2 protein chains.
Amino acid sequence: MRLPIGFRAGSTRAKIKPSGKPDLGLLVSGTPCSWAFVGTLNRAAAPSVNRGRKLYASGGLLQAIVVNAGNANCATGQAGVEADRRMAELAAVQLGIAPEAVLTGSTGVIGQPLPIEKIAAGLPQIQLGPEIDPFMEAILTTDLVPKMAEAELPGGARVVGICKGSGMIQPNMATMLAYILTDAAVSQAELRQGWKGVIDKSFNQVTVDTDTSTNDMAVLLANGASGEVPLPEFWAAVEGVCVSLARQLARDGEGATKLLTVKVNGALSDEEARKAALAVAASPLWKSAVYGNDPNWGRVMMAIGKSGAHFAVDRVRISLQGIPLYAGRVLEFDRASVSEAMRAEEVIVEVDLAEGEGQGVAWGCDLTEEYVRINALYTT
Amino acid sequence: MRLPIGFRAGSTRAKIKPSGKPDLGLLVSGTPCSWAFVGTLNRAAAPSVNRGRKLYASGGLLQAIVVNAGNANCATGQAGVEADRRMAELAAVQLGIAPEAVLTGSTGVIGQPLPIEKIAAGLPQIQLGPEIDPFMEAILTTDLVPKMAEAELPGGARVVGICKGSGMIQPNMATMLAYILTDAAVSQAELRQGWKGVIDKSFNQVTVDTDTSTNDMAVLLANGASGEVPLPEFWAAVEGVCVSLARQLARDGEGATKLLTVKVNGALSDEEARKAALAVAASPLWKSAVYGNDPNWGRVMMAIGKSGAHFAVDRVRISLQGIPLYAGRVLEFDRASVSEAMRAEEVIVEVDLAEGEGQGVAWGCDLTEEYVRINALYTT
């Protein structure tokens, strides 16, 4: 996928991943960018997240991102903090910019020293080009597919987003690694004000396994190369890109065979609707039923019940693949044909809480034996 | 296991379970009991839980418990509420006591009408005896083993507890079905004051899959047949019985091959310690690693990090099977021998948060392909 004007990206094989696949990515804008950032709320946050948070608080502009996969550089002590700082410096020197204009990112196994010498050796080998794909490829871990989305704005500016992540995914005010780039001109203040709202409706509504990562971050960069754009269209485009990435992320959840989309309407507030939707998308019992094409809607009821959202059992409505299963009471339905309808790339659950106007959507995936297999033996 | 003095129990095959196994249990005390109760906080709570909560609020004494398995009688509308009331009435008439002295319980599939005619036909067939085993057997669903524990008090009074549950288990101020009986004389006021504290240290610290059931309840009954006992010893005995049941419950988690015990010390408070311990015991990534005998302690770090408990990555300590893996920094350890040590009936994680004096323990199990298989096809 072509980058927005003024951005270039590339990657190399720095031999951090045992597989020998690309594992070091560099992304640069020709001019400094306004930016917005959210990082994981996990208290064991990695040095890259803590450094990003500090850079963000300082208020400066950003011009480059350097990311490695295969090693999370988390719980690696003072040496890890140093290695993270060094990674930014090495990229800065190579690009001829200030280290404070370089954001770092790391993803992979927790608690192993970051081989900074491999990063030092790898960085000069990176060829920068106009496509984002090589960078995307370099930040994958257990992901099976790259995740990219784009949108075009009035006047020709574009929004291009990528993200990685497949397990350890239940973002909490944060997300996996996601980078959204635009050549639209949008002020730092505007970006910062709007970003969290987009996150809450996209990445924060994705769940693969309820485990909040230590290395999550979602970053939005605007270099202004294509000039100003109407803000409503800008945010709609950013949200569209993020929602597309959120869906791709859920579909590629570890071991997943299908995408699970949960739409909740009629909640007391949008926040309650999102909470209820996420509880259904995260329920291991419902996810197992989705895998087995089993229309066991009682588990949807259980999940909204534990979510804390307000509703009454004798008013709530539940549909599956467009087929009503419960409407304040148990409905008659043909189990075999609903099960057949669940044999699809996407299983859609719709819940009406019948309490108010709040709406929300969450994305997840089914739970399969393969999820267990992938995660029973990841470090060894 | 012999019941405390004055209690009798029995069960029958009422053909509610498709397997034809025992599925209707009745438990009676010769005299009215003081009692304490906690019920699920799931908003889709079943009629049996709502009725129990009302009985409890009324302040009366309890004399009998009638429970069916194979059907949760949840999300079954007004007919379900009626069926639940009828179940209590039928038992009351048979025993010659008031319906308000009879607690109901149901467990099984959600959203299917309770066949009250089968319960009406089954109740008269129940033979009451001095052993709790037939009752225990009748309330099992996906459980592989019965769960019972007992303790003896000074003066000869006894505490006998049973519980069922194997999936949909992350109690929230409540628990699965658990019944604790004693012939000690303990006042209703004392029972009510102490019960929640025991629950918080036992059943509320068990997790199989983070899914909070709609039908959970934990009930403590004292009929006083053996006279008064010293209260500290009484509560110690009750806690010992509940912790034993909690461990049995976790070990019998759906698909589990081993018990996972997580002990957290050094927290700011006991509550933070319990929260951190539960987060580790509930993490699907760590549970998968336990299944694979993979000492991937980074996932323990991630889980305490997401729990919200206070700690610093450069002070926290993590041990596995007694072997220190992390102590404010990554420690050298022999991966193969730690992995070998994990091939045990019980895997014990110890975490020292190095913040204060708070302590807590949680119990869970490993996550296996079998959990997925069991739950992919439960209703069909």
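Placement of Cβ uses the backbone N, Cα and C atoms for every residue, glycine included.
Just so you know, TrEMBL annotations never went through curation; they're auto-generated.
Record features, source TrEMBL:
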ACT_SITE  B:Thr175  active site, nucleophile
BINDING   B:Thr141, B:Lys164, B:Thr175, B:Glu254, B:Asn375, B:Thr380  substrate binding site
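Overlay of TrEMBL annotations on the structure.
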residue  : record                 : DSSP class
B:Thr141 : substrate binding site : coil
B:Lys164 : substrate binding site : strand
B:Glu254 : substrate binding site : coil
B:Asn375 : substrate binding site : helix
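Listed binding-site residues B:Thr141, B:Lys164, B:Glu254, B:Asn375 compared with chain A at a CB cut-off under 8 A give B:Asn375 as the close ones.
Around the Cβ of B:Glu254 (substrate binding site), a 10 Å sphere holds 28 further Cβ atoms from the protein chains shown. On its own chain, B:Asn375 (substrate binding site) has B:Gly167, B:Glu254 as residues at least 6 apart in sequence with a Cβ closer than 8 Å to its own Cβ. There are 23 other CB atoms within 10 A of the CB of B:Thr141 (substrate binding site), with all protein chains counted. When Cβ atoms from all protein chains are considered, those within 10 Å of B:Lys164 (substrate binding site) total 26, not counting its own.
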